[in-house]
Amino acid sequence: MKNLTGLCNLPAGDIHTLLDLAAVFKKRLVTPDPSFSVTLQNKRIALVFFENSTRTRFSFDIAARHLGGSTLSFSASGSSVSKGESLGDTIRNLEAMQVDAFVLRHASSGAADFIAGITAKTVINAGDGSHEHPTQALLDIFTLREHFGAVKGLNIVILGDVLHSRVARSNIFGLKTLGANVAVCGPATLLFSDTSHLGVSIFTDLDKAIEWADAALVLRLQLERATGGYLPSLEEYSTHFGLNDERLERVRKHLLVLHPGPINREIEISNNVADRIQPPGYSKSMLLEQVSNGVAVRMAVLQTLLAG
């Protein structure tokens, strides 16, 4: 494997290999091993982010440093992009500086595949438009696998703005490849018009979705949707699709809750549900566990692509 631009066509064996390696790295992060080799020494990794990021950018930075690599942080606002330089020219110039890999986030769907087509260096997609976000999905799947022991046969509902979500797409591809049952839930205006090619079920009633699901992946509601004609109001969305204690207690179903962040508290998810990591209650939040797992998963991706 040379690049990771998406999970759409990634075989189950490759996903399992990455998750198994991530499990090894997670143990080493908890219990440091002095014999652990820094396999990315002298490797330069460019973090090329054309969109804002906290978790993904810092996670890749920390992952690379754990493996002995060095990172170069790129900000579009402080670069020649602000003077009109194209994405392709930016990448070619960084490549000329002997960068070994590009971790790319861009607003345009397909940007990562475009870059992979013009450079001989490794390309990792850190989110491109509404297309894919493969490492986020891998860490979500890793979190589920750690909790349940396996992903195959699980019922996973993806809740919220599925239509515009790269996280949703990558999770659907990865979860389906590993044998999970996947459903989406949200207002009809924020769901796919046709899901036959994806093999997912559709719920427009959140209570029924919770009854069916073992875990819920709650997506960030992009607040501009309320003014873009997709939603009557944020209050209306929260009433019908917000995940809160009242709804969970009504259904009386214990649910594992994931969220890629950042969170719109009291809109897509309540404070109690977002922060609950111990009972009592009908849910368990994995939000911070996801963030921790992201470092190990991205270490596995970097190791596999650059030193494997």
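If you go along the chain as it appears here, the first residue is 1 and each next one adds 1.
Cβ from N, Cα, C; glycine included.
If you look up Swiss-Prot, you'll see Arg55, Thr56, Arg105, His133, Gln136, Gly261, Pro262 marked as carbamoyl phosphate binding site. Sequence-distant neighbours of Gly261 (carbamoyl phosphate binding site) (same chain, 6+ residues apart, CB-CB distance under 8 A): Thr54, Arg55, Arg220, Leu287, Gln290, Val291. DSSP assigns Gly261 (carbamoyl phosphate binding site) to coil in the three-state reduction, outside any helix or strand.
Summarising the annotation, Swiss-Prot assigns L-aspartate binding site to Lys83, Arg166, Arg220. Neighbours of Arg220 (L-aspartate binding site), defined as other CB atoms within 10 A of its CB across all chains, total 18.
Arg166 (L-aspartate binding site): 22 other CB atoms within 10 A of its CB, across all protein chains. A Cβ within 8 Å of the Cβ centre of Arg55, Thr56, Arg105, His133, Gln136, Gly261, Pro262, the residues given for carbamoyl phosphate, is found for these other residues of the same chain: Ser53, Thr54, Ala126, Gly127, Val167, Pro260.
Listed in sequence order, Val48, Phe49, Phe50, Glu51, Ser53, Thr56, Arg57, Ala126, Gly127, Asp128 are the same-chain residues six or more apart from Arg105 (carbamoyl phosphate binding site) with CB atoms under 8 A from its CB. Comparing Arg166 (L-aspartate binding site) with Pro262 (carbamoyl phosphate binding site), their Cα atoms are 14 Å apart once rounded. Cβ contacts within 10 Å of Pro262 (carbamoyl phosphate binding site), excluding its own Cβ and spanning all protein chains shown: 10. Taking a C-beta cut-off of under 8 angstroms and a sequence separation of 6 or more, His133 (carbamoyl phosphate binding site) has the following same-chain neighbours: Thr56, Asn125, Ala126, Gly127, Arg166, Val167, Arg169, Ser170, Pro260. In the three-state DSSP scheme, Arg55 (carbamoyl phosphate binding site) is classed as helix.
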